[in-house]
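The next block holds one structure in the form of structure tokens; read it before the comments.
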């Protein structure tokens, strides 16, 4: 029988519930329990696929094609696992399912209500996933008191009643500010947040107190007294340099040990040696390389969270810290490529729409002509093709039909199966697809095998009618779709130091102990450029 750990948040959003949940899941897995994480997003969207990155950060793509909240990326990285679309529960999904059942007549004429029909649907989905696991960590998005979260908190309360207190625990993540005027940590916001939670019938078993500095003992005792939580279950979670330190901090504070005991699970020492070594290696790095990310959402770096993490993983693997230079693509259009001077590598990531397109291609040309290590991803792959068509093949006005439907040279075109679709949500080429890599190429050297599976999120592709012209001019398409060899997946320029682009998103499968090969190669090339071979 599975044990459930619900993680809730209070006071303010953006405290790091996702990292706390990922860390707790990782610590339970490190103890030998078969563990998974679920994210509940209380918005009415069915999934994250059509959301603006400036509002919610990147859209993370799963193997099964699910477009989900970026927290699931943290879960996958921390637990070194692959999740499914079912691991992301949204209000949109729940209400859609309940309305569909009502239309089908499943409720036999009953008045359909939030309680019990919505809450039952929520519990059913959580239990369905739990069947294969010992421990399930469920993060409830939003902040206690939000009207959107109410049905999910009620479902969690009911689950403790139905499963038994020994099988359900609650961890509440809250904020302890330190006012400069008085110079002490204030616990009142936490007290009120827990009071709100208790008014909903939920008594937290542990409190993770987020603060800038370690929690003062007086604050710990005060929180314990006013929230009815033992002092040892009031966990200090202060700011650290890197998120990968958080599991080690929470382990030192005893969170997983306390929850293990609270749920009646056997006490075990966690296997954390490899993780600890990875964190220590990262903290000890002194040499630095600078990689420019030229994008259209750079004002919110979480729009490219998985790319940031993949660079971090690759930095540790190559013995260098990676400093990111965030470059707004439109600024390149206004001020020129001088914004890229001095960088050791350039990434042009995915994105949609015309804004910043010319700036991205200016960055691609700058990398190509100055032999700067380069990686293009998804739309960056397509724009690399457009830039090459214009400036090497001399095809004036070449473009993607996404940006210019009337282009005389549609070197990037809508995939045939995408034509005629009238819905945006969930209709792209999504999820893991096979990619066949040609021998004697950089891609084969990086991946070390012929067949790989990588995650995709696109509607446009390289127009097969132009492939021969590109190849004659020296552009190598080193990877093709395993299910359709006319669909290009990887390109490279062999005469360059490191110049590669992928139609897929390699960042989504990068892990702290196993960096994505094309990122690892990019950082290696950047290091060699700066420090010599």
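Quick reminder: no glycine exception, Cβ is built from N, Cα and C everywhere.
Positions annotated as active site, nucleophile by Swiss-Prot: 378. According to Swiss-Prot, the active site annotation covers 505, 507. Sequence annotations record features per position, and here Swiss-Prot assigns UTP binding site to 13, 186, 187, 188, 189, 190, 191, 222. For 14, 15, 16, 17, 18, 19, 71, the entry in Swiss-Prot reads ATP binding site. Swiss-Prot lists 54, 351, 379, 380, 381, 382, 402, 459 with the feature L-glutamine binding site, giving sequence analysis as the kind of evidence. What Swiss-Prot lists as Mg(2+) binding site is 71, 139, and the listing cites sequence analysis. Per Swiss-Prot, domain 'Glutamine amidotransferase type-1' is recorded for 290-532. The region 'Amidoligase domain' feature in Swiss-Prot is assigned to 1-265.
DSSP assigns residue 402 (L-glutamine binding site) to coil in the three-state reduction, outside any helix or strand. With a cut-off of 8 Å between CB atoms and residues at least 6 apart in sequence, the same chain places 7, 8, 9, 71, 139, 141, 173 near residue 17 (ATP binding site), listed in sequence order. Using CA atoms as reference points, the recorded positions 191, 380, 505, 507 were checked against residue 19 (ATP binding site), and the closest is 507. Considering only the binding-site residues 13, 187, 191, residue 54 (L-glutamine binding site) has 13 as its nearest partner by CA-CA distance.
Within 8 Å of the centroid of the Cβ atoms of 14, 15, 16, 17, 18, 19, 71, where the record puts ATP, the same chain has further Cβ atoms from 9, 20, 21, 173. Following the DSSP three-state reduction, the secondary structure of residue 139 (Mg(2+) binding site) is strand. Here residue 191 (UTP binding site) comes close to 223, 226, 227: these same-chain residues lie at least six apart in sequence, with C-beta atoms under 8 angstroms from its C-beta. Neighbour list (residue 379 (L-glutamine binding site), Cβ cut-off 8 Å, at least 6 residues apart, same chain): 348, 349, 350, 351, 352, 360, 458. In this structure, the CA atom of residue 382 (L-glutamine binding site) is 17 Å away from the CA atom of residue 507 (active site). A straight line from the CA of residue 187 (UTP binding site) to the CA of residue 15 (ATP binding site) spans 15 Å.
By a simple count of nearby Cβ atoms, those within 10 Å, the most crowded of the binding-site residues 13, 190 is 190. Each of the binding-site residues 54, 381 was ranked by the number of other C-beta atoms within 10 Å, and first place falls to 381. When secondary structure is read from DSSP and collapsed to three states, residue 187 (UTP binding site) falls in the coil class. With the fewest other C-beta atoms within 10 Å around its C-beta, 402 stands out among the binding-site residues 71, 139, 402. Comparing CA positions across the recorded positions 378, 380, 381, 402, 505, the one lying closest to residue 13 (UTP binding site) turns out to be 505.
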